């Protein structure tokens, strides 16, 4: 169906008192992303010409957190209801566009449902998203005559008979810009709350003989709002369960779907295995036959085919070629790169460092601002001393180098191809190819030496 141009209004002015937080409610995160950002992303994916964000409490924090040139910021200085919020945005509506109204604390609304609502909107009428609940207490009821929607009655204003209605308003609707502005101008606050309800436009449209079409979401969770942290945590589990199900159906082996969190996007190959309590953040790519052990965190990284990441390893902004092994308890920080077949063992940290093909750093090592060649062995306790307190410097290690345990490489320094660094050496000057570098205090031995005894 050919749709009109459309703009989106997102209501995000609420304080969120029941969150007991200094952070605006809509900035609390679900799957690692602010709730309102989920809604903004949906609006952009729908192709919104403009996104009008109605804000009130915590406006400065919102503007700091949301970096989107497509956002038009609309202040609602006083929170006098949803109709009042829409009235603040109305001057920005074009007469010939559709206006879709969303909520910043309803984060799981799907693009598919919104597109169905958009397609269903009748010419000159309103598309309304509704659901049926076994217990509709507290929600606005949908009133009908002969099956046609005639209005919405808020729970506090409803009669006993109307409170028996199970079909409720989700608050999400779409209408033409010119119609919306006209109806908004007619709203009054003559109700129990003394507020301007956007829902009153349904009755106004009906009085004009306009058609109101109700559409239901695919899942109830799509229209569930968040008022407290308990509700947020429940929606988090709903979201994570849905993501885990998609991955399982796509061939990813999740050992326990209930103990897996996806906080971004995951691109994967075949026969990927992910153990329990793994967190995927940002944009992550896993190649074929990748295995990830329990308790790992992978963020904004590319993991090549046949890599194995052992338990409790953290990988952030890193790139691993094929057949690399990492961990357990390893940390790859931004700029870490492992070439094919490289190995990083337990308690090894890398940052802005490249480890060549077949090279190994097995234990208790820090490699920062380093370029390490192929088939290099980095002994336990090796440290690249890359920082002098003001500036950082690079360490370069050629192919086939053997670095003994407890070695310090004071950058800037270069170790030539095939060189050997003896255990316990502090390297302060360049080492030539195939040379042995050794710097130790000569060992002495004192016969009959006794340890000090505590004075009584």
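For all residues, glycine too, the Cβ spot is worked out from N, Cα and C.
Site annotation (Swiss-Prot, ligand acetyl-CoA) includes 380, 386, 387, 405, 423; from 354, 440, the additional listed residue is 440. Around the Cβ of residue 377 (UDP-N-acetyl-alpha-D-glucosamine binding site), the number of neighbouring Cβ atoms within 10 Å comes to 17. Residue 405 (acetyl-CoA binding site) and residue 363 (active site, proton acceptor) have their C-alpha atoms 9 Å apart, to the nearest angstrom.
Local packing around the Cβ, expressed as the count of other Cβ atoms within 10 angstroms, is greatest for 104 among the binding-site residues 14, 104. With respect to their backbone Cα atoms, residue 14 (UDP-N-acetyl-alpha-D-glucosamine binding site) and residue 440 (acetyl-CoA binding site) stand 67 Å from each other.
When other Cβ atoms within 10 Å of the Cβ of residue 405 (acetyl-CoA binding site) are tallied across all protein chains shown, the result is 18. For the region 'Linker' (230-250), the DSSP counts in helix, strand and coil order read 20 helix, 0 strand, 1 coil. In sequence order, 345, 346, 347, 348, 380, 381 make up the list of same-chain residues 6 or more apart from residue 363 (active site, proton acceptor) whose Cβ falls under 8 Å from its Cβ. Counted over all residue pairs in 380, 386, 387, 405, 423, 440, the record's binders of acetyl-CoA, the longest Cα to Cα distance measures 23 angstrom.
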